[in-house]
Ligand SMILES: Nc1ncnc2c1ncn2[C@@H]1O[C@H](COP(=O)(O)OP(=O)(O)O)[C@@H](O)[C@H]1O
Ligand SMILES: O=P(O)(O)OC[C@H](O)CO
């Protein structure tokens, strides 16, 4: 049948995944591997960039083998990645000078406080669409250059390269030949001017980051180079698409029209609304970000970033050991009809949108002698839905658009109880597609469009198929009451850490 498969590499926060798609957007094979989470201090999160690479290339080979195809049957590779996570490496050796600093890491909160104290937040907001927060790459690069012995001298001599994970993987896949990123990833660095579409000289100066470190910014659907046969299954395959995982999910959900939105429930939860060529400035704590660069222009999105979602379920599993597997959360939550007033606020790494409080910390509130494991498990699941409600309210206020239905995806959407509660608390239908691996699908689409596997975005829309629609069935008064309790609980968790 010729080369009609597309391989998506989905490098997430907790695992590296590779998925082979056919031209009908069907999943032919999946391989996945978790990798080490490194917590050197409270609030710090790192990954080993070499382990990211070895797990990613490992699952790529495994997925191709499982699909029963050969590397030469792959028309293109698309990359999608946990965003903001920062790698700095030596140009000559390819060796990272430090572990990757993960998006969740709070170590640069003091740098952000200084920038805010200097009154620079409005400048950053205006140019980058982002808030000054440790979440983004800019202050992480600065931290590496300021704290890793010898790093700044090498950077100033042009011997180091910076990249988010897309850049790191493309550089490795091409055998160290190509140093690029795409518009969507660049827009998460706090270094990129989303209006002028270039690295911002004033910001680079302020953060003391030499421009020589930075990758070339390219469209999200474009042939960046080919794989080095020595590293990728002996074949030269075009690497033809890249996008941050949340933007890729927006693309995979075929949210191509302004006003269309999706919410992805993974480690964190990220709601994005396509705003087309319009750049909305949020007045309600959301981010303005680039959705993708495609067909010679960029399109924008409004984003609500929630730092802890599925990770709270992992905490129930690994930290509290209340459940054995993530899906068990549904089983225990079902044992009670509601949380009886218990709220879990999973502000483990502060709070993102719409609060942006780096000093918030997790809290369980409303406990009584009658509170049980089931109540805590249920309250943890509910917290994903409440945080989503916070963000959707902000998005509707910013855009003036009332959502008719919310498209969802990501690991936690298999939880039916959560999806029903989500619909109940929003008062909006929740639509779960058959393919919930929309992040990988989006990356495959971007790559496939660049090499002609698919001809146009319109071709893709018909591939989106509904699995289940969850309709709101909660009484409005109950909804209001429950949400009021959540807002009270959030206030108690805020501004906690000194
Ligand atoms: N049935 C479930 N109920 C609740 N949470 C779940 C369920 N299945 C998976 N999860 C959560 O979903 C997350 C994994 O989703 P995934 O999309 O793979 O995340 P990521 O891309 O961020 O690594 C984990 O945090 C896990 O706790
Ligand atoms: O890896 P995920 O799916 O948790 O996504 C992480 C986000 O890209 C962080 O901004």
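Here the Cβ of each residue, glycine as well, is placed from N, Cα and C on the backbone.
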Candidate from 39, 135, 224, 265 that TrEMBL assigns to the same glycerol site as 83, 84, 245, 246: 135
Record-annotated ATP site (TrEMBL): member among 119, 163, 175, 411 besides 13, 14, 15, 267, 310, 314: 411
Which of 267, 314, 415, the listed binding-site residues, has fewest other Cβ atoms within 10 Å: 314
Listed in sequence order, residues not in 13, 14, 15, 267, 310, 314, 411 with Cβ within 8 Å of the centre of the ATP site Cβ atoms: 12, 266, 311
Averaged pLDDT, computed only over the residues in the domain 'Carbohydrate kinase FGGY C-terminal' (262-450): 95
Residue 246 (glycerol binding site) and residue 83 (sn-glycerol 3-phosphate binding site), distance between Cα atoms, whole Å: 8
Residues among the binding-site residues 13, 14, 15, 245, 246, 310 that border ligand 2 - Cβ under 6 angstroms, in sequence order: 13, 245, 246
Other CB atoms, at most 10 A from the CB of residue 15 (ATP binding site): 17
Residue among binding-site residues 84, 245 with least C-beta crowding, 10 angstrom cut-off: 84
